[in-house]
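Student: Just lifted these from TrEMBL, have a look:
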TRANSMEM  B:30-52  transmembrane segment
TRANSMEM  B:64-84  transmembrane segment
TRANSMEM  B:161-181  transmembrane segment
TRANSMEM  B:193-210  transmembrane segment
TRANSMEM  B:265-286  transmembrane segment
TRANSMEM  B:292-309  transmembrane segment
TRANSMEM  B:373-397  transmembrane segment
Amino acid sequence: MQPLAEDEIELVLVMVDAAAAVVAPEDREDLFDDFAEDMRESGLVPGAESVDVDESDAALVDGHVFLGIGLTVLGQIAYRVLAVATDIAINRGLRDAVGYARGLFASADGDAEPDGAGTPGTPGAPAAPGRDAAGDPPVTRAVPTVGEIAALVLAAEGNTLPPQVDPAAIEEIVREQLRALAEAEPRGPGDSAPA
Amino acid sequence: MGPATPRPREAADRTFDTARLRRLRGLNRALRVLWVAALAPLLLFNVPLVVIAATDGTADPWEWAAIGIGGVLLPFAYVAIQVMQGWAAQSYRHRHDGVKRREVDWGDPRWEAVRASFEASGLDPRTIRALSVWDRTATLVTRHVPRPTPGRLGRGSDWGVRNGGCLLGLGLVCGIVVAVLDELDVDPTDGTAFTVFLVVASAVVWPLAWRNGRAQASLNLGNPDNVVLIPMHWRPQLRDNPSFRVHLMHEIAHARHDDPGRRKLLDTCAGVGPFAVFVDSAAVVAMRLGDVVLMVLFAATLVSGIAGVRRAKRLIPLVQELRADTEACRDPEAVGHLSAFLRERQAEQPSHAKATRLAALTEATWRGPGARLVAPAALPAALFGLLILASAIAQWAGVVGSSG
C-alpha cells in the first residue's frame, strides 16, 4: 500500500465515515477521530499492515479474533475503491474518481444532475446487480455497476480482508463509499483550492 | 454494592472463592514442578563432570572445587548470555521497528470509558502499562519489553545488535586464522605479549560485562516491564461490553506474573536442554556394565530427558494461561463470560489450548488441575533425574566400576 496524497486521504476518510455510519457505528463513534488523525499523519490506512508478533507474547487466546467490520477494513476497501474508480475515470477521460462516481449514480438514477443530498427515490435500483446499463451515461460505453466494482475490489484485496467479510457485505460497503465519493468535492490536478 | 445479599448467595460465593484459591495454589505448584522438569538437565550439569573427575583419580580438592563451580557457572553463563542477547535484540526492535505504539494515558478522555470499566473491577489502572496500536489482525496481548541499559552500555548494546552479522563474520574469520596458524605450527599465544593483551582485555571487558549484566538483570528480571498491547479496534468493545472486562483481567494477571518474560527464559533453557541431556548422559555411559545394558540405559536417559524438557516447554505456557484464567474470573459470572468467548473461538478455530482452558473453566467441581496435567512432563524428568543420580552414586560408592 502506497502512502496517499492529502486530497486522496480526505476522500478515503469521507468514504470510511459514510460506510462506518452504516456497518460499524460504534467503531465510528469511538475511533474515527483517532483513525483520521493517524491516517493524515502517515498517509496509510492505520492497521492494514500486520505488525510483528513477539513469540513470547502472552495472548488472550491463540488464533485470530474477529470483532466485526472495523475502520481498518473499511479503509482498505475505500483505498481500493478509490484506486479502481480513479483508473476507470482516467480510462474514460474523466477528470477523477469523484466525477466518475457522480456519473455512476446520476446515470443509474436517470437524473440529469447529481443531487448533493444523495440519491432519493429508489435506493435499491441504482446498485442493482442486474445488467440495466444506464439510460443516458455521460460516456457512450457501458458504465460498470457497483457490483462489478465490488468484484474488482474483492479480487484485489481478497487475501488481505478477513474471511468473515462476505461479498454481499463488500458490495454494500462499496455502494456506500461510492455514494459518499459522488457527494464529495471533486478535486483534480487543476484544483487550487481544496474544500 | 446493593442490598444485603441473601445467605445462599453468600455461601455460594464463599465456595467459589475457596475453590478458586485452591485452584490457584494447585496451578502454582504445577508450574514449579514443570520448571524443575524444564531445568533438570541444566541443574544436573555438574554430575557427569564430577563423576568423570572422581573416577579419573584426581584427589586434588582445588580441582574438585573448580569443576564443581564450573559445572554450575557454565550453564548459568550460557543461559544468561543468550537471554541478554535476546533482550538486546528485542529491545532494539521494539524501539526501532517504526510501529506506532502509543502509551495509553488513563487520564485521557478517549480512554475514560475503558478506565471506568477497569475500575469497576476493583483495580487501579495505573498499576498496568498499556500501549495502543492499530493492527487489524492483533489480539489483546501482554508483552515483556526489555529495557536497555542506560548510558553508553545501552548504546553499545544497540550497536552490537545492528552489527551482529559483522561480529559473527569477524568471529568466523578469527577462527579460521587460528586454525590455519595451528596447522602451520605457529602459536601466537606463546610469549608475554599475548599474556599482557589477555590481562588488559580482561581488566577492561569483565567489569563492563558485570555492570551490564547486573543492570540488565535488575531492569528485566527484577522489575520487568510487561505491557498490555491493546489493538485500537478492541477499545469500543472494552468500553461497551462488560463481558470484556475479564479479558483485561486475564492480561493483567499475565503482566503481574511476568509470564511473557518467563517464556523467554523458558525458550533459552529448553533450547539448550537436549544438548545438556546429552552431556549429562555421560554420567550413565561412564559406568562399566554390559554393552546392551549400557545402550538401554543411555537410550532411556536421552529419551526421558528430552521428553521431559520438550513437554515442560509446551505445558508451562498452557498452565500460565490456566492461572491467568483463574485469576481473571473472580465470580461465576466472569467464568460464564470467558467460557462463552472461548467456546466461540474454539468453534471458529479449534485448538488444544482452548479446549483445555474451556474444560478447566467449565468442569463441574472446579477442582485443581491435578497430576494429569503435569505428569507428561514430570514423569520423564523424574526418570531422567533418577538415572543420572543413581549412576553417579553407584560409581561413587564403587558399586559399579567406572570407565571415567
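We number each residue from 1, going along the chain as drawn.
Cβ atoms are placed via backbone N, Cα and C, with glycine included.
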Student: Can you work out whether the transmembrane segment (B:265-286) touches the transmembrane segment (B:161-181), with the criterion being 3+ CB pairs under 8 Å where the paired residues are 6 or more apart along the chain?
Tutor: no
Student: List, by number or range, the same-chain residues at least 6 past the transmembrane segment (B:373-397) whose CB is under 8 A from its CB atoms?
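Tutor: Tertiary neighbours of the transmembrane segment (B:373-397) are 30, 33-34, 36-38, 40-41, 44, 47-48, 50-51, 54-55, 277, 280-281, 283-284, 286-287, 297, 300-301, 303-305, 307-309, 311-312, 314-315, 319.
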Student: Against which stretches of its own chain does the transmembrane segment (B:292-309) lie, if we need a Cβ under 8 Å and a gap of at least six residues from its ends?
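Tutor: Cβ under 8 Å, 6 or more out: 37-38, 40-41, 270, 273-274, 277-278, 280-281, 284-285, 377-384, 387-388, 391.
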